[in-house]
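A.B. asks: Have a look at the structure that comes next, please.
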Amino acid sequence: MTHADHAAIAQLEDVFQQQKAAYLKHSHPTLAERREWLQAIPGMILGNAKRLAEALNSDYGYHPELMTYAHDVVSVAARAQYAEKMLEEWTARDYREVEPHIYGSSKAYIEYQPKGVIGNMPAWNFPVELTVGPLCEMLAAGNRAIIKPSEQTPAVGEVLEEIIGATFDRERVAVVNGGIDLAKHFSAMQWDHLLYTGSTNIGREVMMNAAKNLVPVTLELGGKNPTVFTEEALTPENIRSMVGIKMTKNGQLCINVDHCYVPAGSVDRFVNLVKDFVESSVGDYTQAPQICSVINTRQFDRLGSYLDEARQQGTQVIELGSAAERGDESSPSRMPLTLVINSQQDSLLGRNEVFGPILPIYTYTEFDQVITSIQSGDRPLGIYIFSDQQELVDKLRLNTSSGGFCVNAAALQGAQETMGFGGVGKSGMGRHHGVEGFREFSNPRGCMEMAKDANLDLIMSPHGEVTREFLKQATGGLLS
């Protein structure tokens with residue numbers, strides 16, 4: 001471990017202890033305090049948007065400014081504003097019914113408490129949104145937070161550390177940058193809750209580390225998100241919708257389209273529609289200024305190995321753009337959008353999340369084949385269908401399981417600040433966004449306020465004849 005790693009861990013431990021001590025002194029902040037924190041976020045993000053865009057461009061090699069503003073700036077500001085608007089409703093007591101014969105006019109309610117000090121390990125693909133987005137619900141719930149940005153986006157991490165440090169007291173929110181050793185130490189700490197976004201394999205390690213301390217976790221992982229087209233839905237408009245999502249972050253998006261199911265007799269039409277849209281919208285996909293680069297050579301080589309194997313297996317591979325370019329320290333890595341027709345299910349493309357500009361296409365003759373194929377794999381983060389046939393939409397929705405589901409669009413369920421976002425099974429557990437995120441980062445404490453007209457003799461030990469008569473009535477005479 002390097003001197004820098006030791007220093008980062010020491011910094012982390014120091015701020016962790018500060019936040020823990022501060023929580024014990026002030027564990028339930030007022031609505032006014034929470035509102036002030038949430039109101040600070042839009043200004044912090046919008047006021048530093050240019051710097052964040054430059055940092056993303058540096059980390060990726062090439063990252064379009066408009067993409068930064070759309071997915072890492074405006075969306076985060078809107079999320080903070082929504083949380084602030086809903087704060088009073090979210091934090092209100094949730095009253096529950098009581099048995100009046102026993103408890104009279106007593107009150108029972110759920111009170112949402114702050115959990116305490118929460119750790120957040122965001123992924124590299126949306127380093128701003130995955131850092132500040134969940135922070136909105138964490139702060140709405142009254143928590144303190146420490147964030148460890150991905151070591152793959154160091155420039156963004158540095159900007160986030162500076163602007164969050166200038167906006168929040170470090171006893172409320174802090175950012176600690178560092179490498180793999182810091183990440184391992186981070187996941188093994190005694191958090192009150194831990195959020196991790198990233199791959200399923202690393203998610204397992206994070207969960208095992210957290211389990212040693214019985215730390216509750218939210219895992220936002222990956223998944224092979226299928227997109228289904230029925231015959232009548234193969235239209236230019238629907239293809240534009242699907243490919244437009246695939247273009248987002250150049251496919252480096254956890255809820256992106258991983259692969260498509262297309263009717264067997266319509267593959268050529270599907271391919272031509274994709275080609276037409278790509279050519280008319282961006283021209284040469286590989287060099288298009290609207291498309292960000294593959295973030296680093298490791299990811300570039302991984303994607304290249306998938307295509308090499310597909311070609312070796314005789315699978316049809318269609319590149320939409322000029323040849324791929326492996327970057328270096330001075331130039332970005334770029335790849336064409338590549339369609340792969342009916343790759344083998346046990347291939348690298350069939351087994352692994354794509355997470356890049358490759359689109360496997362599988363053909364089907366019967367709709368039930370699609371459902372069987374989806375059910376045979378791990379539960380994905382999202383399932384998408386383009387269809388005008390409501391019966392088939394309902395059949396797919398009711399007979400599959402996934403973190404989210406989208407009809408005649410892809411991935412947009414994850415863009416709603418009003419609705420919880422998360423996975424199921426190997427695509428994750430727990431939710432953030434919306435009221436579900438607020439509750440995820442809260443302790444729903446059940447509370448009772450006993451009224452004087454409660455008749456506890458009916459249930460309280462030592463049990464006697466009053467209890468017997470009550471239970472005789474409650475059980476329909478089961479007791480004699």
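Backbone N, Cα and C atoms are what each Cβ position is placed from, and that goes for glycine too.
Pasting the relevant annotations from TrEMBL:
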- E220: active site (ACT_SITE)
- C254: active site (ACT_SITE)
- 5-443: domain 'Aldehyde dehydrogenase' (DOMAIN)
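Describe the structural context of each listed feature in the structure shown, including burial, neighbouring residues and relevant distances.
C.D. replies: Mapped onto three states, the DSSP output places E220 (active site) in strand. In this view, E220 (active site) is surrounded by 27 other Cβ atoms within 10 Å of its Cβ, with every protein chain counted.
In the three-state DSSP scheme, C254 (active site) is classed as coil.
Per-residue confidence over the domain 'Aldehyde dehydrogenase' (5-443) averages out at a pLDDT of 97.
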A.B. asks: C254 (active site) has how many other Cβ neighbours within 10 Å of its own Cβ?
C.D. replies: 30
A.B. asks: Looking only at C-alpha atoms, tell me how far C254 (active site) is from E220 (active site), rounded to the nearest Å.
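C.D. replies: Pair distance, Cα basis, whole Å: 9 Å.
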